[in-house]
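**Student:** Below is one structure. I have some questions about it.
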């Protein structure tokens, strides 16, 4: 006789003894008694005593199915005494055992595989972006020549760092530091007042300023701005420095010009917003409207 058969025989013997020695009372799931169904199989699956000691095997199986929700390996405990139910299954054949083991291994490996695919996709996307950026900044033919002569290991490490460095550079908010410096020392540099009117004027109060990454919109703007920057630098370089023969020098000059002009406009815009917030006022409630509201109330 197998071990499972022996355990089942012992369980049936205990159940039979319990049936003959004491009354089952009522099932705590369906509230039926022995008189309602004399052929029903009873079980005492936990440490509970009294009215919750016995339960129909069928009722408990249905209740366990509801708790497991299709996951047969999930553990189920008694809702009263929190004792875990001892659930046994028939012995699996060799083929079914191998299939079940393979299914469990695949289920555990899938999250790691998905994470690896995601990381690999991001990595190769960064490599592709870095290669396109090199050809765009240096020139198509020159960029291909540089990458063909370079060490493959250097390319695999260096190309993905290009978008990373662009994003990190975009996160440096140098305009804020320049604006704070100018607000502090603009009274000593009169030329700044002529370029940016009101930048050194005293304000009645210091308004609160939002955090740079206070919302998700700022993060998306940083990402998009960083990745588009090489293209903008190339276009500005061709428009403003067409006399420069070197593609790399022209792109660098275009990038510097774009950053400088954009930063100047941003400093001016933020200063005007700062002044507007500093001179904000809260008005009194209109007395005429208050009197009209009182008449409507009474």
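Keep in mind that glycine also has a Cβ here, set from the backbone N, Cα and C atoms.
Those TrEMBL annotations? Automatic predictions, nothing curated.
Pulled the feature table from TrEMBL, pasting it below:
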type	residues	note
DOMAIN	19-88	domain 'RING-CH-type'
TRANSMEM	112-132	transmembrane segment
TRANSMEM	152-172	transmembrane segment
TRANSMEM	222-240	transmembrane segment
TRANSMEM	252-269	transmembrane segment
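Describe each of these features in terms of where it is and what it packs against.
**Tutor:** Away from its own ends, the transmembrane segment (112-132) comes close to residues 143, 147, 155-156, 158-164, 227 of its chain (Cβ-Cβ under 8 Å, at least six residues beyond either end).
Using a Cβ-Cβ cut-off under 8 Å and counting only residues 6 or more beyond its ends in the same chain, the transmembrane segment (152-172) has close neighbours at 123, 126-127, 129-131, 133-134, 222-223, 225-227, 229-230.
Beyond the transmembrane segment (222-240), the same-chain residues lying 6 or more positions past its ends with a Cβ under 8 Å from any Cβ of the stretch are 129, 133, 136-137, 163, 166-167, 169-171, 250-255, 257-258.
The list of residues near the transmembrane segment (252-269) in space but at least 6 beyond its ends in sequence, with Cβ under 8 angstroms from a Cβ of it, reads 174-175, 178-179, 182, 196, 229-230, 232-241, 244.
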